[in-house]
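Dropping a structure here in structure tokens format, bear with me for questions.
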Amino acid sequence: RRCACDGRGATGTCDPVGGQCHCREGFQGVRCDECARGYYGEECRRCECDVRGTLPDTECAGVCKCKAHVAGDTCSECLPGYYDLSADQPDGCAPCWCSGVGLSCSSAALQTLAFETLNDWKVTDIMRSQVIAATVDSSTNYLVYSEDEQSIEGAVYWQAPQGYLGNRLTSYGARLSIQVNWVTMRGDTSGKPTDGPDVVLFGRNGLKIAYGDTIYTRGSTAIINITLDETGWYHVTPAVLDKKTRSRRTQHHGSAVTRTQLLSVLSALDSLLVRGTYHTDQVETSLERVIIYSGGTELGSTKLSTRVEQCVCPTGYAGLSCESCDFGFIRIWENATDHQLVAKCIPCPCNGHSNSCDLQSGGCGNCMHNTYGERCERCKVGFYGNPLQGTEHDCKRCACPLLVDSNNFSPSCQLKTYSIMDLN
């Protein structure tokens with residue numbers, strides 16, 4: 001049969017199977033007689049407005065109507081203090097966090113990575129008051145905890161090792177993937193499936209947040225996939241106990257977590273707990289795998305994540321979100337109005353020659369750049385100069401008369417100074 005492709009946007013050819021017409025750019029439909037999204041008019045011309053930053057259904061309005069955090073004639077730029085222009089953002093762009101000290105940012109260029117291990121995991125409770133080592137199943141190499149061997153009071157949680165912790169800002173918007181298994185007591189009992197936080201995060205700033213509380217009524221395996229953004233996370237009362245004798249335990253549910261709060265937890269993650277109790281008559285739980293991604297959602301994906309920010313940091317701060325202190329500065333923690341700790345970077349009194357110091361004693365750590373002293377204020381023997389200038393070249397090696405070992409005849413020297421009388 002001849003192709004029925006006489007629409008205004010058809011090329012005249014069609015798919016040999018089914019007859020779908022091949023359309024020119026800007027056209028769609030079985031006969032190519034409709035404008036594709038982002039195109040308008042009789043000739044289906046490309047709309048000038050950027051669909052990512054334009055209000056829905058106004059992309060082809062002639063004058064572009066931008067979303068709240070978007071600017072530009074074509075709504076293609078983020079306002080100052082915002083980044084990551086996206087059609088999925090109701091306001092077009094996300095606000096820069098920058099640890100509350102920076103004002104400008106852009107999307108960080110990151111490689112997608114994944115981390116997983118079953119080494120060094122521990123078994124604990126939601127308060128982390130009891131911690132015991134996990135057992136490895138010799139047949140499966142999975143981690144196993146049996147209620148008969150050692151009893152954790154309350155619901156059981158798996159505590160992640162160091163590789164999952166620390167600075168996890170590159171995992172914002174990426175995925176946390178978990179696979180667990182459990183065994184319940186055989187026989188006719190009155191036991192019930194329980195709920196509880198699937199994951200609990202503890203931040204260095206004192207925040208304790210959790211995600212999920214699913215009741216699993218079918219099977220004895222849970223595959224949990226969590227996107228590490230603020231959606232669905234809630235605060236957990238610091239002193240809450242997680243008991244497994246009731247099917248509903250909603251006392252751990254607090255207020256919703258904001259983006260700022262989640263990022264502040266990810267910037268210095270102290271602990272990650274994975275739920276291990278799913279039934280009141282559970283006798284064993286098994287951890288099969290936990291994968292944390294960073295820089296994107298999937299390995300090998302051609303679409304890179306744009307959700308992690310790269311900030312322009314003020315003096316003394318470094319890192320993607322200004323979460324670290326630059327050389328010569330030390331981090332202190334202060335109480336904020338919302339009862340969480342906030343990190344600040346203040347300069348060490350070390351004349352720019354040490355990256356660490358003790359604020360109580362005022363003493364500096366390892367003095368660098370050939371200096372020594374309580375505040376790295378003096379040049380080492382064999383060097384001369386003014387170490388108070390704060391550069392790495394303050395103290396130069398003595399040349400008496402030359403720097404060559406065979407023609408250098410003094411172990412020490414000092415910077416020559418001039419008085420008014422000398423100059424006269």
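Cβ coordinates are placed from backbone N, Cα and C, and glycine is handled just like the others.
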Can you look up which of C60, C66 is joined to C75 by a disulfide in TrEMBL?
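When TrEMBL is consulted, C75 turns out to be bridged to C66.
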What is the disulfide partner of C32 among C23, C35, as given in TrEMBL?
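Of the candidates C23, C35, the one TrEMBL pairs with C32 is C23.
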Which candidate, C367, C379, does TrEMBL give as the disulfide partner of C376?
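TrEMBL annotates a disulfide bond between C376 and C367.
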Residues sitting near the domain 'Laminin EGF-like' (3-46): Cβ under 8 Å, six or more positions beyond its termini, same chain?
59-60
Around the C-beta of C376 (disulfide bond), how many further C-beta atoms are within 10 angstroms, looking at every protein chain?
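Result for C376 (disulfide bond): 29 other Cβ atoms within 10 Å.
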Using Cα coordinates, what distance in whole Å links C75 (disulfide bond) and C376 (disulfide bond)?
53
Mind checking how the domain 'Laminin EGF-like' (3-46) divides into helix, strand and coil residues in DSSP?
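Reading the DSSP string over the domain 'Laminin EGF-like' (3-46) gives 0 helix, 16 strand, 28 coil.
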